[in-house]
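What TrEMBL lists as transmembrane segment is 106-131, 143-167, 179-199, 220-242, 281-308, 329-349, 369-391. Look at TrEMBL and you will find 122-388 tagged as domain 'G-protein coupled receptors family 1 profile'.
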Amino acid sequence: MGNSQKKEVDLLEMYMDSEKQISNYNSSVCDEIHRRVYGNLTTEESVVTVIQDKFSNYSLTTDKSVDIVIQDKFSSYSDLFAKCFNSTIPSNILYQPYILPWYQQLLWTLLFAVMILVAIVGNTIVMWIIVAHRRMRTVTNLFLLNLAVADFLLASGNAIFNFVFMLNSHWPFGETFCVVSNFVANLTVSTSVFTILAMSLDRFVAVTRPLRPRMTKTTAYSIILSVWTLSSLLSAPSVLYATTITYKYADETQRTLCLLVWPDGMGTGLGKSDLDHVYNIVFLIVTYVIPMTCMGVTYTWIGCILGASKVIGENSDPQNHVIKSKQRVVHMLVAIMLLFAFCWLPYHVYFLFTYYNADVIHAHFIQHLYLAIYWLAMSNSCYNPIVYYVMNSR
């Protein structure tokens, strides 16, 4: 008998005595079963996932775990649940506890619809103005065009579909679009922040090195291409690991989830994948901490230089016009940066917090909290056109 077969036999023999096996489950295991049941897993799936976690050293696959439970090779899972719940399982415990009442769904739908509509229309107008008018194709405006494209794709290619998923706890769009949507989300967020960073560095060079030749359009196009390439590489895990998983409930209904399944398990509250956590940390550092720090330093430096230029000697009207023009552009870019920082900080904090406090995922308020955090993050895509209009109006 091979080692793998012996290991499987040993594992099955370990469960032959029902009472002995049930006694091996302490209160922490029962708490885990409670958590997974309230998290919308069926009875069988809850036991399966607990068994897999506790005996992961045996390389027990999900299919084999399901077979063991359903075929009842080692014990009765109903006995295990009775011991953990100390009573019969309530009939409603397995029935979609995360479906919001219709009026709450309507309110969230209105909030997201307005935000997405403003983002799509606003960024479409920005793209049309820059593309259709040759004189508008300055280096700064090329970066703004790139930012508008990223925001448009985020609103139209991810926000709409992900909102439907979060509202109904069900992904009806298929596995292929699950991959596309996850990739677009990370791609566009990365592209947005890298574009904002590129604009800040361009302004920094223009202000600190006024005699140096300005960035050419060719250089700007090269930077934009590099931004999309880097963002694509950073978003590659979405292509590799995004998938759909379908759960069947005791009432015969089904729910399909769209999520990333890493080699060491699932994240997003359905598991505790270390790879998912590491990726979230890297994504936070690369797309938030480093860019925000760099922009904070550059804009502070720019502010000091432009502020000093006001008080050193008497400036002519043309000089004052140039200074005010630079200040207006800098103010606009600072506003864009601050809005991005404000909108995305809660989103990053949420995933860090839930990794170390997984039980909060199953709190009754969590769906509203995540919808609010997600709305705030996605709403960043609709603010930039408003900023352009307000700060360029006479």
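Just so it is clear, glycine is given a Cβ too, placed from its N, Cα and C backbone atoms.
Keep in mind that this is a model prediction, so the values were computed, not measured.
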What parts of the chain pack near the transmembrane segment (369-391), using Cβ distances under 8 Å and only residues at least 6 beyond its ends?
108, 111-112, 115-116, 118-119, 122-123, 125-126, 144, 147-148, 151-152, 154-155, 159, 162-163, 166-167, 192, 328, 331-332, 335-336, 339-340, 343-344, 346-347, 350
On average, what pLDDT score does this prediction assign to the domain 'G-protein coupled receptors family 1 profile' (122-388)?
88
Lying 6 or more residues past either end of the transmembrane segment (220-242) yet within Cβ distance under 8 Å of it, the residues of that chain are 139, 142-143, 146, 178-179, 182-183, 185-188, 190-191, 194-195, 198, 258-262, 279, 283, 286-287
